[in-house]
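Here TrEMBL flags Cys100-Cys108, Cys319-Cys356 as disulfide bond. The feature domain 'Peptidase A1' is assigned by TrEMBL to 69-392. Sequence annotations record features per position, and here TrEMBL assigns signal peptide to 1-22.
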Amino acid sequence: MASKSFTLLTVIVLINIFNCFAEENYVEDDQTMKIDLYQRSPTEENGSVSGSKDPNGSISILDYMNQEFYGKISIGRPGQTLNVVFDTTWIYTWVLSSKCSSIYNIGCYFHNKYNHDKSSDYKPDGRKFFVNLGIYNLTGFYSYDNISVSQYNVSNFSFIEITEVPKSFIINKADGVVGLGQKASNYDPLFYALSRQGKVRNSLFSIYFNRNYGSYKRGSIMLGYIDRNLTRSRKINGTKVYDEILYLPAPGLSYWQLHMDQIVMVHNSTRNSTFCAKGCNAVLYSSSSTITGPAKEVAQIHKFINAEKFLMDRYSVDCKKVDSLPAIHFRVRNKTFTLTGPKYVTKISYKFGTLCLTAFQEADTSTWFLGGAFLSEAYTIYDVAQRRIGLVNAA
């Protein structure tokens, strides 16, 4: 057990060093914001790398352990900066509270915490918050304060101060979550508040991840507009024509779910394996790079690519065979989003070799959760006003 714990800790440290990412954003115009994602080196994370700053002001979005995408917000007056996950499967905004004692709750250790006593704009709410997420609980209370994201400020915003988190939260980089899910209750998610207060031009946001995993730039989150330059195009008679956007209705749920027609693994010219054969539900999952699906089907995928069980429900493959792994096609109506081996396997190089982990994870569910590995192929649009999802092949 001790050796396994040491191995796991070593892997966490290695992945942390390899997969620290940062990004900066810029203002498209007075009512649109673009968040660009960049891979960040360890020296940049420690603040020892100098360079020019975005003249418009920027927030940073990081990729930690190839598991967690997070950025920065500021709460209160004067502002208190915290790291948060931007999550399309969640509606609430919550951050760790200064009332969460690192002595009695180890999950709060190594984190920034919001202290409402230091904010002149803080207003108490009085309501308690508790949610059971199955494997752990979140406990806290509602508060009101101003929240800033880049140059945008949402006044008198209702959010949650968390006072109890699971012990495992100690290894997370984020200090909280900003929910980008659909409004499904009386609670206003942050983007809805931005829209209601007239801070964005259109009531939609879009997400793009590029495929250049070795570069600093990883992708973009656009608030209020669609950047067609980040979608696939072709030249017809000298004219640039962009691929058509497929719009799908989004059920009135707290997350962004669509209907997927099938998933096909192409072994060779004469043999395919089909998953989600009769169609299935798929949820867009912006805060993780993984693709989670029904345990039986994901197990079959891992069997076909000769993946072996590693740690923390992850599977590894032979790094020498990544380029020859079968392509996997995700089909949604007339759109196909294809992942080749290098796109669904993450290579982690360290002193003693290279580790190759697949993006697929098994879960006790009939729904697929499509994280960054899928989103690198699909430019996704989240139309809040019309409750619909837009999909188009990424550039």
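Every residue, even glycine, has its Cβ placed from backbone N, Cα and C.
This view paints the features noted in TrEMBL onto the structure.
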residue	record	DSSP (3 states)
Cys100	disulfide bond	coil
Cys108	disulfide bond	helix
Cys319	disulfide bond	helix
Cys356	disulfide bond	strand
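Confidence annotation: the domain 'Peptidase A1' (69-392) carries a mean pLDDT of 93 in the model. Sequence-distant neighbours of Cys100 (disulfide bond) (same chain, 6+ residues apart, CB-CB distance under 8 A): Gly107, Cys108, Lys113, Ile162, Thr163, Glu164, Val165. Long-range Cβ neighbours of Cys319 (disulfide bond) (same chain, at least 6 residues apart, Cβ-Cβ under 8 Å): Lys347, Thr354, Leu355, Cys356.
Cβ neighbour count for Cys356 (disulfide bond): 22 (other Cβ atoms within 10 Å of its Cβ, all protein chains included). Using a 10 Å radius centred on the Cβ of Cys108 (disulfide bond) and all shown protein chains, the other Cβ atoms total 24.
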